[in-house]
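Accompanying notes for the structure given below.
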Amino acid sequence: MDGSPKLISCQPSGVRSQPFYDSTRKKNVTKVVGMGSLLRSESMSLAQLFLQTDAAYACVAELGEIGLVQFRDLNPNVNAYQRKFVNEVRRCDEMERKLRFIEGELQKDSIEIPDVSDHIPAPLPKDMVELEAKFERLEEELLEINGSMESLRKNYIELNEMLEVLDRVQQFFDEGHPDHARETLLDVQQGIAGPISDTDVGGFPLEPIRPIDRDEKKEDSEMQFIAGVLQRSRARSFERMLWRWCRGNVFVRTSDISKTSDPLMGDPSEKSVFIIFFYGEALRARAKKVCDGFSASVYNCPESSEGRAMIKEGIAVRIAEMKTVLNQTIEHRQKVLRATAQNHKVWCIKVLKIKSIFHTLNMFSLDITQKCLIAECWIPKADMPAVQNALKLGTEVSGTDIPCILNEMETNTVPPTFHKVNKFTRGFQNIVDSYGIATYREINPAPWTIITFPFIFAVMFGDAGHGFIMFLAALAFVIFEQKLADMKIRDEIFNTFFGGRYVILLMGLFSIYTGLIYNDIYSKAINIFGSSWKNPYNHSLIDKYLEVEEDNEPMFTLPPEYAFDNDYGPYPFGVDPVWNLAENRLNYLNPLKMKLSVIIGVSQMLFGLILSFFNHVHFKAVVDILFMFIPQLVFLSCIFIYLCCQILIKWICFSAHPGYVFGFYYPSTHCAPSLLIGLINMFMMKSRLEGFVENNKPDEFNKTVELDQCYLQQWYPNQALIEQIFLILAVVSVPVMLLVKPIILCVQSSRGKHIPSAGHGGDEGEEFSFGDTMVYQAIHTIEYCLGCISHTASYLRLWALSLAHAQLSEVLWSMVFNIAFTLSGYVGIVGQFFIFWAFAVLTVSILILMEGLSAFLHALRLHWVEFQSKFYGGLGYQFEPLRALLIGLVAVEFQSKFYGGLGYQFEPFSFELIIRQAEGFDS
């Protein structure tokens, strides 16, 4: 920023652009499609925006279409209900409620809502009235239809139940059951009949039945009955309660209804028809009370068969008529819903856009005249022209003559972090952001993570066969990504794999690469270029030895002096396949992988430290370069880089043949230096002799006298002196890291220069505190020094997981798949088929999914802690205004949605993001 603010007038041009509510404008929407730079976040500007009240809606709509602006809430202390556009937001809430009701009705009828492929523009504010009226009419119509259908459904069920009651009553009378009921009731009145059973009713014991009182008998002796329907599960309790309440003076029979009486969804509960015989009105009243208590439906049933037949005919006619009406109502409902489904998605998008615009306008402040809205927003500097064009278009659409003003402001507030990513880099950027959002303009680990993450994973996974399967699975996701994305699958596990398809693709490719280096394909080696080892033994002697030692498994040693083909040289690529047959294979591969793990780990930590140098240069932190980076580099170099150099020199210079190494005579492999004990001796400053043999050469008879523990002696000139210098430099670098920077900052603060209390950041008004800075520096110094040791040891997990994967793969081959090769004949063919599928399932589930997940998590930790801790602060906040706010937050304070954890993420005010978030998909 220069010393003065920049005023940019967004005056509308003479040529009128297409308005934001034009449905043909999809191709003209300005979008950010450029990749940008992943090395550092985009440069951001804090701008002040002055908008006329009449033009504010249109301008915000245009800014939402391009998705490049993050607005700041200028009313953090104002309650959401007291903001200017709260009524409009509430109207949008009501429209959303109605749309959810309509969607629920569509789901009830299993009517699919088609997706919208065309661009849906934001409606004008005046269109809200039309949308509200339309949704109101639809809701009322659907409610009316639902009410009519529910009424018809109930009547239809009642008529069917009445029909069932008439049929069962007629059947009962035809079978002569009334005579049996009359005899039973007379026996009860005379005290002959016993209770229905010895069990209780509702938890109360049944008392002995006594004759009914005289005042409860009817003067005439006509037997009466009532009939109805109740839930089948309650029939037994119903009978018992009647027996008790009526003192056994009733005769009850029930019969189950087999067919469904609900025309829409089927009868949700099974029902039974009951008929009750009794004498007297008193018992009728008691029986009806019991029916009411059990929610039973009682129907009037004539006592004569002619009356029942006439009612039955009438009911049949009414049922037929009601079926016709009900079918017509259902058809009408289906017609309304199908027409609604075609526009439902469009309506939802329109309402979401309207609501998001008014939510954003609620974040603006009003000037004194109440005619101008003032907003503050973060804008990427590279996209400033696109924002200006959007404001011009919004001004033209609103029809106002007064242009909006965009004023770039100076501020000490740390801007948000914004990395432009595409579908390939998004997965790797998410891995980094999961640890912490990058501090503004610091180096982003994502570009390096694209290569190092799948490589570190592959070092642990390390099987070309398993890597090829993983690669094919990811390749299928990539090839069919558009079809899979259009399916909008909501399964969380599927979306996790689909979202990381490019990460998995590179993990598979690198696993093929490391698997070929290890020469490990499903635990077996392949001989592509021909082994460099040969059999030095005579075949006839081997055959004789096998005849003599029949009971013992033969074992032959291949001495490098005789078995290795020096003319051919080492195996051109990867590990020689002969080691797959060797009994001492692990004795060879374990040290190899362990040393490779240390070299890879120290190399990655060194690279992270070098990246910190570029961070210091960018932030012009000279003190950090001189008194942090350089001492850290010295400390790391004098111990761990020195150790890696020793490993490489040992591999290159020490062989199986005697010779001179750095001027010292080297007799054989048993005198090869032990680097681990040598590193310990370096710290202990233990005195050691030079060379491996006395007099440093063989005598005239080519004999040597080896020094005691020749593998622990000095193996290059002045080794003790050099290691002492390295140790002194490493020790001196610690107090330099600890003390120099706090002292310099204290001196600068005493001279009146503003110094943040800790780190690069800090609030503007925060005063420098030497004590806090000293504690902060001590923590980071101790963390770095101990971290160099622990992080180097942590990289040994590369060796450990590689060994575990290889051994588990070998066990699965030998214990499962190898059985198939022992089978023969037709039975063997069938057995081999099933054994292969068992081997395939176990391979995919255990070695690829479980072991792959384990290696992924370990690679994640190595990047987050061991690598990123050397240069990555991760204290920023990302450009993400409306993703956290999203829709329907009327009663929530806005500022609480912006900040959480270490910050909030840059994702600009964008209708596309809002719509995708509302649909439940991450963009």
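Cβ from N, Cα, C; glycine included.
Where the annotation comes from TrEMBL, it is an automatic prediction and has not been curated.
Feature annotation from TrEMBL assigns coiled coil to 78-169. What TrEMBL lists as region 'Disordered' is 194-218. Taken from TrEMBL, the feature transmembrane segment applies to 450-480, 500-518, 596-614, 626-649, 661-684, 725-747, 811-829, 835-860.
Proximity of the transmembrane segment (500-518) to the transmembrane segment (450-480) is established through 3 or more Cβ-Cβ distances under 8 Å for residue pairs spaced 6 or more apart. For the transmembrane segment (725-747), the neighbouring stretch richest in Cβ pairs under 8 Å, chosen from 596-614, 626-649, 661-684, 811-829, is 626-649. Remote same-chain partners of the transmembrane segment (626-649), defined as residues 6 or more beyond its termini with a Cβ less than 8 Å from a stretch Cβ, comprise 595, 598-599, 602-603, 605-606, 609, 612-613, 616, 673, 675, 678-679, 723, 726-727, 729-730, 733-734, 736-737, 740-741, 744, 784-785, 788, 792.
Among residues of the same chain six or more beyond the transmembrane segment (835-860), those with a C-beta under 8 A of the stretch's C-beta atoms are 431, 453, 456-457, 460-461, 463, 466, 469-470, 507, 522, 797, 801, 804-805, 808-809, 812-813, 816-817, 819-820, 823. Contact counts against the transmembrane segment (596-614), taken as Cβ pairs under 8 Å, peak for 450-480 among the stretches 450-480, 661-684, 811-829.
Same-chain neighbours of the transmembrane segment (811-829): 522-524, 835-836, 838-839, 842-843, 846-847, counting only residues six or more beyond its ends whose CB sits under 8 Å from a CB of the stretch.
Same-chain residues lying 6+ beyond the ends of the transmembrane segment (661-684) with a Cβ under 8 Å from its Cβ atoms: 639, 643, 646-647, 650, 653-655, 690-693, 696-698, 704, 706, 710-713, 715-717, 723, 726-727. Taking the coiled coil (78-169) as a whole, pLDDT averages 90 in the prediction.
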